[in-house]
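So that you can see what the record holds, here are the features copied from TrEMBL:
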type	residues	note
DOMAIN	70-122	domain 'Partial AB-hydrolase lipase'
ACT_SITE	Ser198	active site, nucleophile
ACT_SITE	Asp372	active site, charge relay system
ACT_SITE	His403	active site, charge relay system
Amino acid sequence: MTKEWFDAAIQSQESTVQARRLLLEEAERRKNNPGRSYEIKSSGNRVYASKQVTESVNALLPEDGRLNFTQLAIKYGHPAIEYEVITEDGYILKLFHIPGTKGRPVLLMHGIADSADTWIIRGNLSLAVSLANSGYDLWIGNIRGNRYSRHHVSLNPDEDDAFWNFSFHENGFYDLPAIIDTILNKTGADMLNAIAHSQGNTLFYVLCSTRPEYNSKINVMMALAPICYLQNVPPPLSILIQLSPSLYKLLSDFDINEIGNHNSLLNTFEKIICTRPKIGYAICIESIVFPIIGYDNEELKPDFVPVLVGHFPTSASTKGLYHFAQVGLRKTFAQFDYGNAGNLEKYNSTLPPVYDLNLVTTKIVLYVGLNDCISTIADVAILRSQLRNVVRYIVSPRLECNHLDHVWGEHMNNYLFPYIYDVLKSYK
């Protein structure tokens, strides 16, 4: 990013100038009087914007960019109940429930660096609101580490590196079964239906292959943008995957184990830059997001970006990101690779265990986009060949459908929702 782009991104409106001024003032205050509470705050290797700066920057966002999940649910007519779910290894997760009476409970699971918000930030056009309007009993999960699940019975996410020692394996092995058991216990149902986006559906492959007894608790899982293999992704993602060992080591050397903290100083700058008309869209979406996920400016338009940056990204562990990169590098869907010595200690083998997808017997629906640069048609074909019970394979009728249109697309009610409703109706 050039200095000219950065300057253009922050000079146009008075509120942006004010936010920048506040950041500079805070830095000066930090130097002259480091004990005052209104400064930029630091905890371990994390740097946060102060409450004053955060509030000023959040004022740049529209209302739906500032509201949390429960506030959005109320705004769109469906008050949500909040539950705390404690996993076997002590993480405290937030689970949202929008009550309904139609059919089995429906669980929605988000992707990496995301949260339950992704299912509702499109308001009346979102899947959560649509399903709630139709009377379904909705449960919306959050995995460890995101903005709603930064809690543990003994670990502090801002001070204890051990809190971030997880990847999609722990999300699938611990988080998902705890969420499923809570839903079944609260409702008295014997099975649930699930809709999962990106990493969200990866968790089901992990769970059902490592704890096969959970296959009988899931009636059908609809995988939007299925993620299991990453060996056929195009640049720039393929380049990042090749560089990932060096990048992960660099981050580890600097003791950085979390990326995308919702209240971080970096996230604050993201909001300042990405909310700028035209230039913000060009920098944040057209230059960064679209090259990775697939270009589709009809579904993700500039007017939605200020809402989006109020919710995404949220925290992800660097180990979790690197685990996916390992899948791409090794062309194997396996547990985290700690190297020969680490694997011997962890697994009693020089190689990490491979997930046995033959053990996944629950019904699976795969929904893919031709323009998805992360969940590619070729990689989904490998996954499909290894799953025993793929009951439907659907290619989006929208040719430009990319990796995130499934949750953020402006017109997904036309090209996606009909398939979802048909699946829920067909597999009651």
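Placement of Cβ uses the backbone N, Cα and C atoms for every residue, glycine included.
Sequence features, as recorded in TrEMBL, placed on the structure.
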| residue | record | CB count, 10 Å |
| --- | --- | --- |
| Ser198 | active site, nucleophile | 26 |
| Asp372 | active site, charge relay system | 26 |
| His403 | active site, charge relay system | 27 |
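It is 5 Å from the Cα atom of His403 (active site, charge relay system) to that of Asp372 (active site, charge relay system). In this model, the domain 'Partial AB-hydrolase lipase' (70-122) carries an average pLDDT of 98. Asp372 (active site, charge relay system) falls within neither a helix nor a strand when secondary structure is assigned with DSSP, and so counts as coil.
Taking CA atoms as the reference points, Asp372 (active site, charge relay system) and the residue listed as 'active site, nucleophile' are 11 Å apart. The DSSP secondary structure for His403 (active site, charge relay system) is coil.
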